[in-house]
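**Student:** Below are the features I grabbed from TrEMBL:
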- 17-38: compositional bias 'Basic and acidic residues' (COMPBIAS)
- 1-38: region 'Disordered' (REGION)
- 107-127: transmembrane segment (TRANSMEM)
- 139-157: transmembrane segment (TRANSMEM)
- 169-191: transmembrane segment (TRANSMEM)
- 230-251: transmembrane segment (TRANSMEM)
- 263-285: transmembrane segment (TRANSMEM)
- 321-344: transmembrane segment (TRANSMEM)
- 356-373: transmembrane segment (TRANSMEM)
Amino acid sequence: MASAAPGLAQVAASAEDPSKGMVEDGKDGLVEQDHPIAPDQYDERFETSRWEIWAYYSYYIGNNGLTLFNFAPTAAQNLLAQQAEAIGGPDNTILYFAGADRTINSIVLLSNGISFAIQIVIFLILGSYADFGTFRPNILIVLSLVAFGIGFGWLGVHYESQWQTGLGLYIIGLIAYQLCLTYWTAAFPGLARNTRIMRDKAREFEAGTITRDEYDHVDSMKRNELSNMAFYIQSLGEIVILAVIVGVMFALNVNASVANNNWGLSVLIAFASGVWLLLAIPWFILEKRRPGQDPGMNIVIAGFWQLWRALTQIWQLKQSLFYLIGYFLLGDSLNTTVTVVGTLQNEIVAYNTLQLTYLLIVGIAAQALGIWAF
């Protein structure tokens, strides 16, 4: 899981983070205003507190992906495999889906593609609400409630005859998870900008005691600190949650039968959803409703206008263009790799809940070590 990158010019960056100055048309191309101070830095009500930062971390520990990103796809693929075996024998891997006979793996990949296609449409319409206005916190709460409901809904889906329902929960769950992650990530520039050190640097810059480059360096370091600490603490918290899950799986005796393993997957998803709910509450309460940038127009239209402006002006911002191309390629490669590896891994361990949990513990521990080393 990646955090939004700071440092893009305003034409392509989050509008809720206007601290870098606006990029405007000039006689010789694009020019940047030398005004890096965001309006909320002048309001003491919006100063970031230690409790607010830890509440921000807490939400990410809960939204760790175990529910709708890791085990929900496993549960859906598990039901697909059992349904295929039920109608065609132990060697059958074909099911009728989306108008054609398809293998289990192709159904999973197609469902993943459908999910991302829907996300593109949603982000085009609602994405600007993460940047403009003051709706983002409320949208995150609503999306989180939807995600919690989907997670608990898996308690009613653990028979092979429910494979189509499982695929539906898988697709919608991926959408809810990614939306929650996006609207949560959009808050961190405002958190960083309103820390005491950044407020002090803003005053120093206005007083002329530090340069623009010095201000930007501290700004970048504070954002990276919050982003990397969130990822590191989330990894440690996820290991603890997985350790508890191992105990729950032994209590359910998931190795005793296929039915027990099916039920164990559903319980695991619901349990992790409950943990997410509890850990999200502090952020819902403690987040300060900082104002986003005034779009100057209808917020939905502002999102499309921002996209159009980026497409028409990006050729003058070569570094930003290369960054976006690289970000897209790396992000697409990561998502595809994770999906393919997860699909094959599920087959290899025969969807065994305990083995999958052990593998995740090892993987997340390595992830935490890598972040710490970085």
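Each Cβ is built from the backbone N, Cα and C atoms, and glycine gets one as well.
Provide an account of the burial state, proximal residues and distances for the features listed.
**Tutor:** Remote same-chain residues near the transmembrane segment (139-157) are listed as 63, 67-68, 72, 75, 79, 126, 129-130, 165-166, 169, 172-173, 176-177, 179-180, 183-184, 265-267, 269-270, 272-274, 276-277, 280, 284 (criterion: CB distance under 8 Å, separation of at least six residues from the stretch ends).
Within its own chain, the transmembrane segment (169-191) has Cβ neighbours under 8 Å at 1, 3-4, 6, 14, 16-17, 19, 38, 40, 46, 48, 52-53, 56, 59-60, 63, 65, 67-69, 72-73, 75-76, 111-112, 114-116, 118-119, 122-123, 127, 130-131, 136-137, 139-140, 143-144, 146-147, 150-151, 153-154, 157, 223, 226-227, 230, 283, 287, 290, counting only residues six or more beyond its boundaries.
With a threshold of 8 Å between CB atoms, the same-chain residues lying at least 6 positions outside the transmembrane segment (263-285) that come near it are 51, 54-56, 58-59, 61-64, 66-68, 71-72, 74-75, 78, 137, 140-141, 144, 147-148, 150-152, 154-158, 184, 237, 241, 245, 248-249, 252, 254, 351, 353, 357.
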**Student:** Should anything in the same chain at least six residues away from the transmembrane segment (356-373) have a Cβ under 8 Å from its Cβ atoms, list it; otherwise answer none.
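**Tutor:** For the transmembrane segment (356-373), the far contacts come to 66, 70-71, 74, 228, 231-232, 235-236, 238-239, 242-243, 245-246, 249, 268, 345-346, 349.
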